[in-house]
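For reference, the structure discussed in these notes is given below.
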Amino acid sequence: MSAPLLKLGAVLSTMAMISNWMSQTLPSLVGLNTTRLSAPDTLTQISPKEGWQVYSSAQDPDGRCICTVVAPEQNLCSRDAKSRQLRQLLEKVQNMSQSIEVLNLRTQRDFQYVLKMETQMKGLKAKFRQIEDDRKTLMTKHFQELKEKMDELLPLIPVLEQYKTDAKLITQFKEEIRNLSSVLTGIQEEIGAYDYEELHQRVLSLETRLRDCMKKLTCGKLMKITGPITVKTSGTRFGAWMTDPLASEKNNRVWYMDSYTNNKIVREYKSIADFVSGAESRTYNLPFKWAGTNHVVYNGSLYFNKYQSNIIIKYSFDLGRVLAQRSLEYAGFHNVYPYTWGGFSDIDLMADEIGLWAVYATNQNAGNIVISQLNQDTLEVMKSWSTGYPKRSAGESFMICGTLYVTNSHLTGAKVYYSYSTKTSTYEYTDIPFHNQYFHISMLDYNARDRALYAWNNGHQVLFNVTLFHIIKTEDDT
């Protein structure tokens, strides 16, 4: 039961109690009276001697409070005093009646409020029941959609946890940045603007000196080969791919020539990235088939050995035609003096920091390697060097700074075994190993711009890095 209803019940019980007292007790005020008050489980003898006394500690079987007024002992001589006490008691009863009336009014007001609230609660309960029914309908209709949304949101929980962690770190970083800014501000004040300008000038001076130093770098000696880096896997077991060592920094075209014979299609790619992705930019149909895989692109033109001959062809990519052709005198061809793997690799054309070269063998030199420097325009032999290294015993070869480096095999375990310097016309045996990852090298050429070896290894286009020992010229050396 609510609090206002309890309050109303208490008031009604109190009014009944007072009414019972006035009807039963007040008529006996004229005489003596001795009353026993019933309290739960006890009986108490009361002998009034000092005037009227009011007790309200007893309860009837219905739980109502029973107030009992005990009159003092009767004394005819003290009637005036008793009358005075009666008046006082009546005043108290009147005051109590007034209080009860006020309490009754409040209780009625509270009771009306309770009734109003009860009506409102019933309406609210019905409203909630309606909302609950609507909610169930809504949940039945959209439960799967909400579940999918929740499933989508579940992965965000660890993200939010991480975000909170990151937020703490960001706060720390902000604090550190503030501290660092303060330190930098102090440093800047100590150094001053003029010191920054001086430091900038020193950096520019160092850059100039570095460029001058790079210009004084002479051709280096091969010390080490590392790699390989596999750029792409394509084509047959044998072929060639190359870039132009004299091209500008913005020109990174790649040329691709698959197979060592019976082909005359050259594919061009604008960059290494396009080559890897297969985004071919142009195709050239050469007027002649090539022999071998030892071609070279130099200053915008392709140099290759014409099939079944010792003729060298110069083909311009820009003009799309042959610019020059010349027979390499006494040079063996068509697998007379190839490298160890064969493939019509009799004539090897290559380029380095010095210029254009041809490596081949002749009967006059007993099948040993001959090195010839060529004029890039006319293909005329400018100068030749005869070595004592058998061409058929060489796996591959390449030129770096006028020195020919020869590998002892095209198979696993190959190394740079022999070198010949055209500057000093001397040779030496070397021991520079490299990793033949795919077991069969059919093309190995040096690119001076990239400072790298381009190789075709069993259908894989790979790159090797080279380490050169450089000598820096000083003003005293010039």
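Cβ from N, Cα, C; glycine included.
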Of the candidates Cys65, Cys401, the one sharing a disulfide with Cys219 in Swiss-Prot: Cys401
Site of maximum Cβ density within 10 Å, from disulfide-bonded residues Cys219, Cys401: Cys401
Intrachain C-beta neighbours of Asn299 (N-linked glycosylation site), sequence separation six or more, cut-off 8 angstroms: Asp244, Leu246, Gln376
For Asn465 (N-linked glycosylation site): intrachain residues, at least 6 apart, with Cβ closer than 8 Å: Ile225, Thr226, Gly227, Ile229, Arg451, Ala452, Leu453
Segment-level pLDDT (mean, integer) for the domain 'Olfactomedin-like' (218-470): 96
